[in-house]
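Asker: Here you go, one structure.
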Amino acid sequence: MLDLTEKSKELDIAQLIDEVSSSVHETKNANSIFQRVPYYFNKWKEKIDEFKKHYPLLTYSVKRIVLSIITVYVTIAIVYCMLNFIISDSTFTLDLNDKLIAQNGGVNGEWYQNILRSRKAKLGVDKPLITQILYYWRNITPIIPKKIEIISSQPGDPITTYETVTKWFYLGLSLSRDVAGQFGKPISGIFAKAMPLSFLVGGTGTLLSFFVGIPLGILLARKKDKPLDTIITTITLALIAIPVLVIIVPFYQFTLIFLGSKTSWDSLSTIHKAFPIIAIMLLVTPGIIIETRRLVIDEMTADYTKFANSKGLSETYVFYVHVFRNAFIRMVRNIPTIFLFTIFGSSILIETMWQMKGMSYYMVRAIKFTDVFTVLGFATLSASLGIITTLIGDLLLAILDPRVSLK
């Protein structure tokens, strides 16, 4: 009996020792985990800092790209919220005849309400605002495939039929026949046909503006405060100060009355199609002249330019090696933005005047007929391309100018 009691005590002591040992072991493991996490975190941070040090341009590019993507999505969300305030039920039934609606019980009738609910569901606007924004973000994200229902029937068909297609980039459907020629036409298809004309006219006009504006700006900088500089600078500043309508409308009327131009782009001859390009040049060239003149004068008065002149270097060498090169580097940053601003901004009036079916033409008609998804699609493209061109300009400046710090 005594032996059993002693054995029981020995077992209890052994079990207690095992429990204490296990507890100590677990505590050590816990301490080691808490010590290892900061250690590995610091090592990871050191590796990232080392990578940034060895590849500053790549790090800068990735950071700017990520911030640009976030900016695009936030901008689109803000525009979507603003447009949501002007959307009414009638926006989704612009193609329905008022007489037909009245014959089927009016806007409160079952026939009208069924059509309205069906269209809202197909357009994805039958859900809360935040859900709509998330769906639109998904639609414009090109790495996510989307199955979309689009109208497959032609205008005039007695029955509207739909088909399901897979889209990688989806801007929505047009709500107005006056904009797209058919209700429910994909906006991306409309813009795909309109963008080549906008880029052709706007891009050509902007490119020619640079070919004219940069040499003139250099000439005025080198002739600073001389009669030629005074005359051309005064004219250029006047063109910048005068409202766009006051410049374009008289020019448009002049081409009609004296140069035999037509009112529609499709009816213009090859020679007369140069007039819209010239009109764009009238808007863009003055700003390029003044900016080039300012940048060149800044570099001509810089200390390193004065030092190069004091060394006896030729004026031509100093100008092209030091002055113009550094001035052009600063100018490069704005070139992509100017191109985009002209295509999506300055060309609105010109495309309207000459009835050119470009991007701005559909934008103006979409605003007129409250086609909110076409307006949103235009805003999405312009915001996305605007941020992309700004990013390209910043990267070009970082690559070409060694004085730019990427830290």
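Heads up, the Cβ atoms here are built off N, Cα and C, so glycines get one too.
Keep in mind that TrEMBL annotations are predicted by a computer and have not been checked by a curator.
When I checked TrEMBL for this same protein, it listed these features:
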TRANSMEM  65-87  transmembrane segment
DOMAIN    195-397  domain 'ABC transmembrane type-1'
TRANSMEM  197-219  transmembrane segment
TRANSMEM  231-254  transmembrane segment
TRANSMEM  274-290  transmembrane segment
TRANSMEM  335-356  transmembrane segment
TRANSMEM  376-400  transmembrane segment
Asker: Which listed range (65-87, 231-254, 335-356, 376-400) shows the maximal number of Cβ pairs under 8 Å with respect to the transmembrane segment (274-290)?
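Answerer: Answer, by Cβ pair count: 231-254.
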Asker: Taking residues 6+ outside the transmembrane segment (376-400), which of them lie with a CB under 8 Å of any CB in it?
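Answerer: Distal contacts: 57, 60-61, 64-65, 68, 71-72, 75-76, 79-80, 83, 136, 140, 171-172, 187-188, 191, 329-330, 332-337, 339-341, 344, 359, 362-363, 366, 406.
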Asker: Same chain, outside the transmembrane segment (65-87) by at least 6, Cβ under 8 Å from its Cβ: which residues?
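Answerer: Those are 125, 129, 132-133, 136-137, 140, 370, 372, 375-376, 379-380, 383-384, 387-388, 390-391, in sequence order.
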